[in-house]
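As written in TrEMBL, here are the features:
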| type | residues | note |
| --- | --- | --- |
| TRANSMEM | A:6-24 | transmembrane segment |
| DOMAIN | A:14-77 | domain 'MrpA C-terminal/MbhD' |
| TRANSMEM | A:29-47 | transmembrane segment |
| TRANSMEM | A:59-78 | transmembrane segment |
| TRANSMEM | A:90-114 | transmembrane segment |
| TRANSMEM | A:143-167 | transmembrane segment |
| TRANSMEM | A:188-212 | transmembrane segment |
| DOMAIN | A:192-299 | domain 'Na+/H+ antiporter MnhB subunit-related protein' |
| TRANSMEM | A:218-238 | transmembrane segment |
| TRANSMEM | A:250-277 | transmembrane segment |
| TRANSMEM | A:283-305 | transmembrane segment |
């Protein structure tokens, strides 16, 4: 057994162990912490599988943003003190367990019945890549071959946000979400909130820019920017924005809207929806990615803030 | 030359792993929050620094080396701030009890 194989085996075992702990953990908070650790371990597994793009997304979205949302949810459920009241009955638990086992068995059966070698479009994707001017096949798939998937993904974020906003009370509609800062100003936190955002902006923009030729992209870069924004608000340096702000809503939809517009222009110039005109694929993709990054960053930040809670003052 | 840098890397990274291990043992064995934090942050900052120092001769180019250093600095900043916040909460809880 080589050293790499031992490393991979221990990663796999540790991931399964932490996943099991996340399911069986007694406390809500312990389960959330285990889920975040699980996400980070999964990101390392993706790195070992040479899927750096997926690893970055897993670390940023799967572990980072989802973890932050879950911590917020856990804190609110804990406040309500109703976590125990909603305990499911034994029968419900058994049915849920049986369903989980069935899903696992189904996935296992599907994976085991895959033909070897597995059918793949990878050689074709890499062969056609020079036509797009991109160096990263993942970005090629996301924004050229399967652009419609990415377009729908970027729209989903806006819908998720509308779903959260619809939970606000009538009086608070158009107002600002509750501030995430704990109310106690802490000099260390303030310092971090002032020092880290410039670094985060450079890293975020770098991730988007490098996404054309290497692992990275709009989602990864957007998450870093959103994290910096949330940190600034947690440190109390900025207040959450009112959700009826014109610029805020423009930033929120500019990415999907531009994507859609360029897709529709493709009908006229290149003959198909989301087709890029000859020779313009790379600049157009970079333009879409830049706009998407802004929209994703704003959407993720607002998702983390939650529904507007403060009364709207016209 | 390559052998010398490899030995340097192995020594540094092993020392780094040792400090990480010591920090983890302290987290499990020390009696209260503040002493645990104290041991954990110091040991981990030094441990990560040693790992980064050990990796520096292995990367080619100045830019990847700078990135490694940036990772160390940012991790230290975040760790320091977090431990400060945890310590504050722990002290407030202790003064209430």
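Cβ atoms here come from the backbone N, Cα and C positions, even for glycine.
What you are looking at is a predicted structure, and each value in this text was computed from that prediction instead of being measured.
With a threshold of 8 Å between CB atoms, the same-chain residues lying at least 6 positions outside the transmembrane segment (A:59-78) that come near it are 28-29, 31-32, 35-36, 38-40, 42-43, 219-220, 223-224, 226-227, 230, 300, 303-304, 306.
For the transmembrane segment (A:143-167), same-chain residues at least 6 beyond its ends with a Cβ under 8 Å from one of its own Cβ atoms are 125, 128, 132, 134, 173, 243, 252-253, 255-256, 259-260, 263, 273-274, 276, 281, 285, 288-289, 292, 295-296, 299-300, 302-303, 306-308.
The stretch from A:6-24, A:188-212, A:218-238, A:283-305 with the most CB pairs below 8 A to the transmembrane segment (A:250-277) is A:283-305.
Long-range contacts of the transmembrane segment (A:6-24) within its own chain (CB-CB distance under 8 A, at least 6 residues past either end) are made by residues 31, 34-35, 37-38, 41-42, 44-45, 48. Long-range Cβ contacts of the transmembrane segment (A:188-212) within its own chain (Cβ-Cβ under 8 Å, at least 6 residues beyond either end) map to 56, 134-136, 139, 218, 220-225, 227-229, 231-232, 234-237, 282, 285-286, 289-290, 293, 297.
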